[in-house]
Amino acid sequence: MAAPPKPEEISHPPMDQLQGLEYCIDSNPAWGEAIALGFQHYILALGTAVMIPSFLVPLMGGTDGDKVRVVQTLLFVEGINTLLQTLFGTRLPTVIGGSWAFAVPIISIIHDSSLTRITDPHERFLGTMRAIQGALIVASSVQIILGYSQLWAICSRFFSPVGMVPVIALAGFGLFDRGFPQAGQCVEIGVPMFILFVIFSQYLKNFQFRQWPVMERFALIITITVIWAYAHLLTASGAYRHRPDATQRHCRTDKANLISTAPWIKIPYPLQWGAPTFDAGHAFGMMAAVLVSLIESTGAYKAASRLASATPPPAHVLSRGIGWQGIGILFSGLFGTATGCTVSIENVGLLGSTRVGSRRVIQISAGFMIFFSILGKFGALFASIPFPIFAAVYCVLFGLVASVGLSFLQFTNMNSMRNLFIAGVSLFLGLSIPEYFREYTTAAFHGPSHTKAGWFNDFLNTIFLSSPTVAMMVAVFLDNTLDYKDSAKDRGMPWWVKFRTFKGDSRNEEFYTLPFNLNRFFPPS
């Protein structure tokens, strides 16, 4: 009769850092590999950077030329914000990209009666852009104040592993509508892209060229190149010639009109669209999006720290990062990107897929963003990749970030009915409530909050459309009110508490100390 298994053979001990990562936050690949990996992060960031202006600019009355300039501006500001965040913010390897969280207040501004009555489309575009800029500039103060005053650090004292699991998990799961629903709009390129990416990144990851894991490191760029060429072949052969306009828009490689309208060289600059205009109602609605961006980024920073083999960012480092992100939103308003910024979840997921969490790689990708946003024709070439190709990759990368969130459950007692209740209810409501708001808005052409006060509607509709935000409100409230005094160990607090302060763990100095000896001016708390 076989001997019963030992306890250590049944369960796995909790681990602060993920296993199997090749490069952590402060270890760097060789320069050639780092540059190639940085270019891969740049290509991935293009999906959202092109999709947001492609959706918003036509609603604003803008032309294809206006759309290209906004895409260039968004990428330029993304590069600047990513450099600032990796140098002076959390210092985590995170790309700071455009955010869909700002869509509700921006669409509300677009439909403002004072702007819709402008008959000339170009003048309406400029007027709308200036109104969005003004709202972003004012709303950015929320993150700047919460970050640099350390108020967000104080708020983080109410967080525990149980409370943060739904927030981090839904930073990935909550974006399910950006995955297969978008890839399925052109299944002939979306499905092959998904299958090929999984095969190259997982099943062929041990394939090496001169002891170099090519497939594992560069599965994304290889599969995008193959499927992009395949999509171009379908386009050139006339496969979509008699198909509906929607199919042609999603599948063809020549429908974006980016290359033909992009200038050869154009340097974005502040106030390029004119002086911003300010409206209290617009700004208040935008503040809800800034709060959503703050919460989504909090979850993304914690996921990135785990995928970079770093310790969870201490409270003051997290708050510092939020402050710099507020400055990033201020830059978005000054330059006119047509949206605010947040941590790019897909790029966080790519850290896990490549097993490279190096800060230098992300800084190199920021250099590519700035460089190709200035050289318009070259940047537009890569930006013309059909979006279903990106959406297919999101199916993997968003899921990877979500699973990193679930990994925090190892520090909690999941045999506790209290914890099961909190995790289950917050995860379910975090998915269910935003889905209700989405379905209601699609059917009624306005959100469930539909009072005469537009700013109030924008505020509520924006907050409850965000899965991580709903999850945080539910999870943190339940976690701090249900038997919290007697359940510190079940909540995972003995493990969590040492990461609250900079000096709580000796590794924090290695990961989060500011460069250029700046810590002597800003001593960690």
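Glycine too: its Cβ is placed from the backbone N, Cα and C atoms.
The transmembrane segment annotation in TrEMBL covers 42-61 (among others). With a threshold of 8 Å between CB atoms, the same-chain residues lying at least 6 positions outside the transmembrane segment (42-61) that come near it are 67, 70-71, 74-75, 78, 95, 97-98, 100, 103, 106-107, 110, 118, 121-125, 128-129, 220-221, 224, 256, 258, 338-339, 344, 346-347, 350, 365, 368-369, 372, 382-383, 385, 387, 390-391, 393-394, 397.
Residues or ranges marked as transmembrane segment by TrEMBL: 92-110 (among others).
The transmembrane segment annotation in TrEMBL covers 131-152 (among others).
According to TrEMBL, the transmembrane segment annotation covers 158-176 (among others). Residues 295-296, 298-300, 302-303, 345, 349, 394, 398-406, 408-409, 411-412, 419, 422-423, 426-427, 430-431, 434, 466-468, 471-472, 474-476, 479-480, 490-493, 495-496 of the same chain, all 6+ positions outside the transmembrane segment (158-176), place their C-beta atoms under 8 angstroms from a C-beta of that stretch.
Taken from TrEMBL, the feature transmembrane segment covers 183-203 (among others).
Here TrEMBL flags 218-240 (among others) as transmembrane segment.
Counting residues 6+ beyond its ends, the transmembrane segment (361-383) has Cβ neighbours under 8 Å at 23, 28-29, 34-35, 37-43, 45-46, 49-50, 68, 71-73, 75-76, 78-80, 82-83, 86-87, 93-95, 256, 258-259, 261-268, 347 in the same chain. According to TrEMBL, the transmembrane segment annotation covers 361-383 (among others).
Same-chain neighbours of the transmembrane segment (389-408): 18, 44, 46-47, 51, 161, 164-173, 175-176, 178-183, 185, 189-191, 193-194, 197-198, 201, 220, 223-224, 227-228, 231, 299-300, 302-303, 306-307, 345-346, 348-350, 352-353, 492, counting only residues six or more beyond its ends whose CB sits under 8 Å from a CB of the stretch. Sequence annotations record features per position, and here TrEMBL assigns transmembrane segment to 389-408 (among others).
For 420-437 (among others), the entry in TrEMBL reads transmembrane segment. Long-range Cβ contacts of the transmembrane segment (420-437) within its own chain (Cβ-Cβ under 8 Å, at least 6 residues beyond either end) map to 162-163, 165-166, 169-170, 173-174, 409, 414, 447-448, 461, 464-468, 470-471, 474-475, 478-479, 482.
Sequence-distant contacts of the transmembrane segment (459-478), counting only residues of its own chain at least 6 positions beyond either end whose CB sits under 8 Å from a CB of the stretch, comprise 101, 104-105, 158-159, 162-171, 173-175, 284-285, 287-289, 291-292, 295-296, 298-299, 421-423, 425-427, 429-431, 433-434, 437-438, 441, 447-449. According to TrEMBL, the transmembrane segment annotation covers 459-478 (among others).
Here the transmembrane segment (183-203) has long-range neighbours at 215-216, 219-220, 222-224, 226-227, 230-231, 234, 246-247, 250-251, 353, 386-389, 391-396, meaning same-chain residues at least 6 beyond its ends whose C-beta is under 8 angstroms from one of its own. Proximity of distant same-chain residues to the transmembrane segment (218-240), defined by a Cβ-Cβ separation under 8 Å and at least 6 residues beyond the stretch ends, is recorded for 36-37, 39-40, 43-44, 188-189, 192-193, 196-197, 200-201, 204-205, 247-248, 251-254, 350, 353-354, 385-386, 389, 393.
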